[in-house]
Amino acid sequence: MAKLVLIRHGQSEWNALNLFNGWVDTKLSEQGIEQAKHAGELLKAEGIEFDQAYTSVLTRAITTLHYALEEAGQLYVPEEKSWRLNERHYGALQGKNKAAAAEKYGEDQVHIWRRSYDVLPPLLDNYEETVEVEGKTYPAFDARYADVPYGELPLGENLKVTLERVLPFWDAKIKKDLAAGKDVVIAAHGNSLRALVKHLENISDDDILNVEIANGQPIVYDLAADLTINLKKVLK
């Protein structure tokens with residue numbers, strides 16, 4: 001029986017500023033660092049020993065994984081990074097203040113963009129229209145995506161498209177590890193993890209709108225041999 005643990009990264013600097021983050025590579029806030037460390041303490045108390053770790057290519061998820069594994073005494077665990085575990089790409093909303101967007105477009109419209117399963121946010125016009133942070137432009141001219149076919153880089157995503165991006169990596173890597181009985185931890189993002197939760201728990205398109213994943217609170221699944229869920233619990 002394998003265990004799968006999902007951890008949403010700790011609070012990022014842009015979470016704290018109420019900005020749409022998406023693929024922009026922001027760092028953890030001080031609170032986020034403490035949340036990541038606390039996640040590791042919870043995992044240590046739970047007594048889970050991991051065989052494999054996965055994370056996105058975004059700093060806030062990578063550092064969350066490292067802080068958590070260090071606190072759990074398991075920084076040696078092999079890890080693999082994939083852009084397919086990145087946060088949902090918020091398109092032209094990235095870098096915008098959420099409250100200001102609600103004032104401009106209306107709260108109902110912004111809520112639909114944020115929470116709807118299949119409604120896309122305003123898309124980037126092209127890859128040159130991106131957000132710059134500390135001189136870095138995302139995502140088309142970022143070295144971490146050099147091996148990704150140009151046409152696969154998103155101009156904006158909803159949860160449906162995010163799930164379609166995540167699933168190939170799930171099937172090719174994570175699912176195989178779990179089927180082999182390995183205990184796996186994934187440190188990723190609110191929406192890439194919501195996509196996985198939807199898939200794992202067979203949650204409907206409507207019901208997934210109400211699913212929230214808190215920063216730094218590990219979700220632990222005990223999985224049967226066929227990867228159905230025997231038990232789920234959230235560590236707090």
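Just so you know, glycine gets a Cβ as well, placed from its N, Cα and C.
The substrate binding site annotation in TrEMBL covers 8-15, Arg60, 87-90, Lys98, 114-115, 190-191. In sequence order, Phe20, Asn21, Gly22, Trp23, Pro121, Gly156, Glu157 make up the list of same-chain residues 6 or more apart from Tyr90 (substrate binding site) whose Cβ falls under 8 Å from its Cβ.
The annotation active site, tele-phosphohistidine intermediate is assigned in TrEMBL to His9. According to its DSSP assignment, His9 (active site, tele-phosphohistidine intermediate) is coil. Summarising the environment of His9 (active site, tele-phosphohistidine intermediate), the number of other Cβ atoms within 10 Å of its Cβ, over all protein chains shown, is 33.
Annotation comment: TrEMBL describes Glu87 as active site, proton donor/acceptor. DSSP gives Glu87 (substrate binding site) a coil state; it is part of no helix or strand.
Taking a C-beta cut-off of under 8 Å and a sequence gap of six or more, His189 (site 'Transition state stabilizer') has these contacts in its own chain: Arg8, His9, Ser56, Leu58, Arg60, Ala61, Leu85, Asn86, Glu87, Arg88. The site 'Transition state stabilizer' annotation in TrEMBL covers His189.
Between the binding-site residues Arg8, Arg115, the minimum number of other C-beta atoms within 10 Å of a residue's C-beta occurs at Arg115.
Every protein chain shown contributes to the tally, and the Cβ of Gln11 (substrate binding site) ends up with 21 other Cβ atoms within 10 Å.
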